Every structure is written in C-alpha cells, then in structure tokens.
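Annotated compositional bias 'Basic and acidic residues' per TrEMBL: 409-420, in sequence order. Taken from TrEMBL, the feature compositional bias 'Pro residues' applies to 424-434. Sequence annotations record features per position, and here TrEMBL assigns compositional bias 'Acidic residues' to 630-646, 660-669. Under the heading region 'Disordered', TrEMBL lists 390-435, 618-669. Look at TrEMBL and you will find 7-28, 110-131 tagged as transmembrane segment.
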Amino acid sequence: MAFVTKIKWVVLSVISLSVVSIIIHLSFAKLWTVNLVPYRAIASLHDDFSSVVVRQGVKNKKLWGSIKSLESLQPSFDARSNYTGPKEKNNGFIYAKVFGGFANIRSSSFLFLLSLIWSLYLGILNATLVIPEFQESLRSKGVSPMFKSFSYLYDEEQFIAYLKKDVIIAKTLPGSLMERRKRNEFPTFRPKSSSSPNFYIQEILPKLKKSKVIGLIIANGGALQSVLPPTMAEIQRLRCRVSFQALQFRPEIQMLGHRMVNKLRSLGQPFLAYHPGLLRETLAYNGCAELFQDVHTELIQHRRAQMIKDKILNEDLNVDSHLRRDKGLCPLMPEEVGILLRVMGYPSKTIIYLAGSETFGGQRVLIPLRSMFINTLDRTSLCSEKELSDLVEPEPPLPQNIFRTPPSKSEEELKEEWKRAGPRPRPLPPPPNRPIYQHEKEGWYGWITETPTEPDPSPMDMRMKAHRLLWDALDYIVSLEADAFFPGYNNDGSGWPDFSSLVMGHRLHETASSRTYRPDRKVVAELFNMNRENLYHPKHNWTILVQEHLNKSMTEEGLIRQSRLSKPAMFLSHPLPECSCRVASASVANRVRGEDGQFLYGGEDLCPKWMQHASLSGSMGKEGVKSEDDGLPDYESNDFVDESESEKDGGKTDQTQVWDQDEEMDPND
C-alpha cells in the first residue's frame, strides 16, 4: 500500500512540473512576441514586379502613347506619275492558284503576283487578270469549292472596282477556255520569290502571246522579288494600294472583326495584341523542337524531316534548339513575352488579345502568360459560337469516317484456326484486345507512334485549315486596331511570310507612330540568359536593360534595324519609303540606305500641303500629347489597375509617382 502511495506522489509531481514548465514557456513567448516577424506568404509575381516598378521610379502614364519621332510619316500610295489605263484588247488571260495559309495568301505569294501583273501589264504583259483561287494545301480532295474561292475571304466587288483603272479583271475564264484549262492545255509556271521582272518578260510574255492563257502556281511565298529598282517605284506603290485598299475582307468578316474591337474598347481600357508565332512550320524550319516536350517535339521533327526530304531545307535533322534560340531564330515563348511585358510595366490586369488561329503546344504553353495577365482574351472570348458559325456559312456534310473493329469470327472459324495452329501443347491464347475508340485514330496521337510517315490530311483537317483563314482575318483586324502590338515571331530575313510581319508593316503604313514592338530576339535571348535563374525576381539593372531595348525597338532605331532584315525578304513588312510621305522633311534625323543604295528610311516624299495642315491641326487637337514623354494617362479609370506601371522612353527614367487607386488621375498631368 505504501508503494502505491509513493507512485501516486511521483506521478503528481511530474504533472505539476509539466504544468509549471508550460506556464513558464508561455510567459516567455508572450514577452518575446515583440521581436517575432509574422509569417507572410511568398510574394506573387504581381507584387514582385510592382516593387521593381516602384524602385525604378517611372511614370505609369506612358505605355500607350504614340512615338513622336515617327509622327511625321503619313500613308501615301497614290501614283506619282501619270500613266494610261488598261486597254480592252490585250494578249490574253492570266489565272493563278495560290497555296498556303493566311500569311502566304496576303503576302508575297499573292500580292507580289498581282502587283506585278497589274504593273507590267501596262506596258509589257498587257493581259486580263482572272480572280485567283487559293487553298491551304496542295492536297484538297473532298473540300468544298467554296473554300477555294477568292470571295471566301475577300470582297470581289471592292477588289475589281478599286483596281479598274489599273487592270482589267475577270471573275472567271470564258467557258471554252475553262474547258481547255481543265484538260491542262495551257502552260503553267511556278515563279519563285526571287523572280525578277525579266522572268515575266522573257519567259511568260512569249508563251502568253502564243497560247493566250497562262497559269501561275504560287506556293511558299513566291512570285516576285521584294526590292525593285528605283525606276519601278510605282510597282511598290501599287503593291500598297492592292494590300491596304483593294484587298478588303468580305463585309461579314469586317463587321464581326470591328464588333470584336468595339467589345474590347467597351471595357474602358487600352489593349495590347500579341501573336505568339508558334507555328509547326516555323518551329520545324528553324530547328526549335527541343523547346517543347514529349510528342510535340516528335511532331516538329516529323515536319522538319519532310522539309529536308522535299529540299525545302538543307540542314541536319537534329540541331541544338537552345543554340538556335540564342541566335534569335526561334519564336519567343509566351512565358518570356509575359515577363518582358511585366518588366515594361504593364499591370497584371492589362487586356491582352491573343491573335493567331494556331498556337503549337496548345493551351499548355499559354498557362504562364495567362497567370501573369488575367485578362488574356481571344476570339472565343469575344464571339459566340453562332457568330463564328454564321461567318463560315452552311457547309456540305462530310462523309462519315467511323472506325470499325475487325469482324468477329464464328465458332467454326475459330476451331479451324485452332486445328491449324501447330503441334500441341500450346500456350494459352492472348487476352481479348481492348476496344479501340474513335479518338485514338484521329489526329497526331493516332499515327505518331505507329508509322514514321505522316498521313494525308483528312477532309475535316482541310476544312479546319480553311476555317483558320477566317480566324486569322478576324485577328488581323483586331491586331491593326490594337493600342500596342507585340510579335512573338516576325520575319527577319528567312523569307517565309508570317502574320506578325504583315501586321507590323500595315501598322507602319497606316499609323507609323503607333506602339509596335520590334524586339531583336537575339538580344532578348542574351538578356534572358543573363537572368535565367531569377526571371521572376529580376534585378534593377536587368529591368533597365530590357526597357531600353524594347523602347528603342519602337523608335527609328528599331525600325531601321528591322527594315534591313525584313524588307529584302518581304516588301509589305516595311513599305517605306515608297508608300509613305513625310509632313516635315526637316524632322528627318536619319537617312538610311540599304546595301543596294536605295533608301530604307528617310527617303520619303513630302506630303501635299493639305495633308500637312490636316496633320498639324490633328496634332494640336490632341490634349496632353505634347511629346513622347507627355502623354494621356494609360487608363481613364482604375478599375483594372492595382499597381504602378513603368516605361522607359529612349532610356530616360522619370521621377517616381505612385497614384492611389481611389484618386482620379489628371489627364493633363
């Protein structure tokens, strides 16, 4: 009994000591809380970049203003000299078939051809042009004829009416000639992108006079060289008239495109258009397969192997994609573009319109961009399914392509196979195959692991390619109207036409002072390599370098650099100086000539007096727009803005100003 009593006292003592220890520890903790730092979650990207912007001390009002050094450039593509109109009696007809996507059709593969025929026609070819046909691929069996017509994308009546003073245009060949064309009785030519005017004079003109009908097959951006002699400046102006005036989308496309722009404007904020440029063709041509993962790398390599086989590309199949990216040959990834825009000062709620009917890699590669900019929209965000289907118009039904499993064998057939199976004993038969679903036999996942050869596109694939022409047309309209445009990839001398180069050239022509970024991807790659370990926590010096480069890319310096690379490959990406005039010649700081001695910038003619007065009055009417450094506020309201913005203009840093969200900004500040 005494032993039990001792154990009770020991237990009670231990409990008492434990209670005393807890009380002491709690007392000390209460005394030390004044020195403890409360736990806080790791700052998000939004906060990180906000702190960078505040440290840099840059105004948040200058992300959307015009570029003052380019305001003197105005569109002017009228003929500078008089010439006689088309003659009713001519040498015959010229028809054309254009193969390729939206960029091919609208750029060299289409416009260079037309402008050449119309211009040389006046004194040399003298032919009637038949409205061209175009399609996405050389393999188009089973596709409705409506997808091949000019009117599927463009307005025929506008096209013919605008160019009636330049050329005689026929919608189709006469009936008798059409029958002969179907029997391939007329000679056809495949002009290259490097074809000179002499090719048409020496090769095509004699055949045209003899057969009265000539066919041209245009693929891979061919038709006529980009840079022409100064004596043929009128051809360059005609190219601009064709591209920017005569070639208008059909009314239904224009209405829906402008409706999309109005919806974006109704949000009350400026918006930036971004085209990723992540196309399988581009990635395969430049050897960028390793920038992706898994099956996407295999898909790019499949296409690259086919290019090598077709002699489109004369390189090895396997190349170092990271080295190619360092050379500026690969498109910028959406994550990289998002970081660049955040460093420039665009807040996380900036409205970004995602252009392009195809982004290779799908939504997975867009996740980082969408996480940085929550208001990233595309055509599906602005258009209902009915609006898009109405644009396509009724389509004939496609043939059913239902996958059928092998027919089951009867019991007698199974017995016969068992008897012919060889000596016994035999292993157990294999388990029955699982059912094969339809989706397992469609698309890349149905063939890439089974055969080394990519199958021909199905009728549905061809139909979707035709639809992409419409989606790209809508995105083209929105990109032209955007307050700023950022290309993920643009033509830099490779010779392949692309969406961004067309948009950049059109924006340069219509409003040269609009904010169009022209980043040098090689420089951008060097900047990212410098800060690869701290992309989401950039240092102050790194952000300064990025801002300096991107701001210079929008000014004369970036324009001249881009013109040296892009104009020799595609005139429409840099329609200067032939298709523009300058309000005041004294404001030209640089007159730059290319390797051939022709002006790339600064050689524009003086604008007419009425245009100079209109431009002057227009600039005076802009409240608050006095220079590149004094612009309208970025936003009229602060509904979407919850952080400071930044921009460096010409490398200058302004004094820090932080606005409270509840405080109204002064437009004249």
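The backbone N, Cα and C atoms fix where each Cβ goes, and this holds for glycine too.
The model shown is predicted, which means the values in this text are computed figures rather than measured ones.
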Three-state composition of the compositional bias 'Basic and acidic residues' (409-420), taking helix and strand from DSSP: 9 helix, 0 strand, 3 coil
Intrachain residues whose Cβ lies under 8 Å of the compositional bias 'Basic and acidic residues' (409-420), provided they are six or more past its termini: none
Residue counts (helix, strand, coil, in that order) that DSSP gives for the compositional bias 'Pro residues' (424-434): 0 helix, 0 strand, 11 coil
